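Asks: One structure, pasted below without further comment.
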Amino acid sequence: MAEARRPVPLSRRPVDLFLAMFLLSNVPVVVLFESQMLLPASLVFKPLRDMTQAYVEFAGDYLVQTAPAFLKGLVVAECLFQLPLSIVNAYAFMAGKDWGRITGIIYASHVATTMFPILADILAHNIPTKNLLLSIYLPYLIIPFIILARLVPTQHPFTEAGPPSIAKKGD
């Protein structure tokens, strides 16, 4: 007999709900704002450019303002790799799909790794908004570590054993 597994209700997994919301919150940020670094200004709606400029002025985010080559490279990886994984993982976390363990570990490892050069650059600069920038960027290091702590220790992070099922012929 094969072991049947069923999703643990999301109501019993509040951390997973939080992580799914974090993953989904990244989608508009990447699509509407971060991707601006890769596009000609003529292709970006003026209100979005204005919102990005207001953020730069408020936070003193010299990285977004100057868009150095290393950051553009990270944004390309974010658009092509992290963005799809954010959506897939949010679904896995909410729907209780254990395959999300592997995609979640890949996502979290990648995001955490990309944050080190960004945080190192911020720490290396003596700017008045350093603490504000760290408070904006650090969650993108801390939350991936929470994802890893949630997913690495168990093979079945979102499901629990159910009643035994009888395997069908041909399984």
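Backbone N, Cα and C atoms are what each Cβ position is placed from, and that goes for glycine too.
Automatic, uncurated: that is what TrEMBL annotation is.
Keep in mind it's a predicted model, so treat the numbers as computed, not measured.
Just lifted these from TrEMBL, have a look:
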- 15-33: transmembrane segment (TRANSMEM)
- 15-148: domain 'EXPERA' (DOMAIN)
- 105-127: transmembrane segment (TRANSMEM)
- 133-152: transmembrane segment (TRANSMEM)
Asks: State the residues, same chain only, that lie 6 or more residues beyond the ends of the transmembrane segment (105-127) and have a CB under 8 A from a CB inside it; answer 'none' if no residue qualifies.
Replies: 23, 60, 62-63, 70-71, 74, 77-78, 81-82, 85-86, 89, 133-134, 137-138, 140-141, 144-145, 147-148, 151-152
Asks: Could you give me the DSSP helix, strand and coil counts for the domain 'EXPERA' (15-148)?
Replies: 116 helix, 0 strand, 18 coil
